[in-house]
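Accompanying notes for the structure given below.
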Amino acid sequence: MDTHRRLHTPALFLLLLLVVDAATVAEAKLVPNYYAKTCPRAERIVTDVVSQKQLSHPTTAAGVLRVFFHDCFVSGCDASVLVAPTAFARSKRDAAQSRSLPGDAFEAVTRAKTALELECPGAVSCADVLAIAARDLVAMTGAPSYPLRLGRKDALASSPATPDAELPLANSTVPRLIAMFAAKGFTTQELVALSDAHTLGFAHCSEFADRIFPRAKGGAAPPHDPTMNPSYAKGLQDACRNYQRDPTIAVFNDVMTPGKFDNMYFVNLQRGLGLLSTDQAL
């Protein structure tokens, strides 16, 4: 990857994040000043609340970004991923793909929504709160900010079946990934750019265990995925040694700059320091 394209990857990712929201934008005819009369300080309130959350819990940005992607990629940015299941109804949160979504992310959105309700009851949708929070938190980690059009409507339903059917898996093949993103209107290059979200946050060991603890296939098993840097693979093996007994064990996606939104994740892949097999394959 040449230097020019590396330097522009974060900006390209954010541009594509807006494209993920394009269907919602087109359908709802969003506008920048949607809350000018009903809640003029809406963006400021969300920014203040989630910024404080990020300062006290630095993994919040990665969590909210992931939740935003899960929300938008499956059914448009309608906050259906925020709906909690009850004893009477299941929701997207019950899907296998949703079970590892971080509590910090939901707490950040809840705090912001609560603050908004105190100032402008019933005015701002949860979908807009999530969109604003994702934009501001990613900017706090070093990415460029961008203007948002607002006016998203919250979903009236949340299906537990759709996330597992429409979201990519950590071990998805490249053809499968390309097909899934193409179905949403993305090119292969755009798919790769969107993968830069993995420059933030962490992954549970179970999501990449097959790379560091490979099983024998007709002979002796290799010590690790041969595309991985041997020292990096050994460090991951040590960190994840007990992951089957403790499935909460996780490591940072980006071993070099885990809390910074930059292009280092792509650089790491070229050095054998990538974590997820899907990203290495792409």
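Residue positions begin at 1 at the first shown residue.
Positions of Cβ are set from backbone N, Cα and C atoms, glycine also.
Looking at Cys39, Cys77, the record from TrEMBL puts Cys72 in a disulfide bond with Cys77. Per TrEMBL, Cys39 makes its disulfide bond with Cys120 among Cys120, Cys126. Note on proximity: of the binding-site residues Ser80, Asp254, Thr257, the one nearest Cys205 (disulfide bond) is Asp254, by Cα distance. Same-chain residues with CB within 8 A of the center of the Asp71, Val74, Gly76, Asp78, Ser80 CB atoms, the Ca(2+) 1 site residues themselves not counted, are Cys72, Ser75, Cys77, Ala79, Val81, Lys92, Ala127, Ala155.
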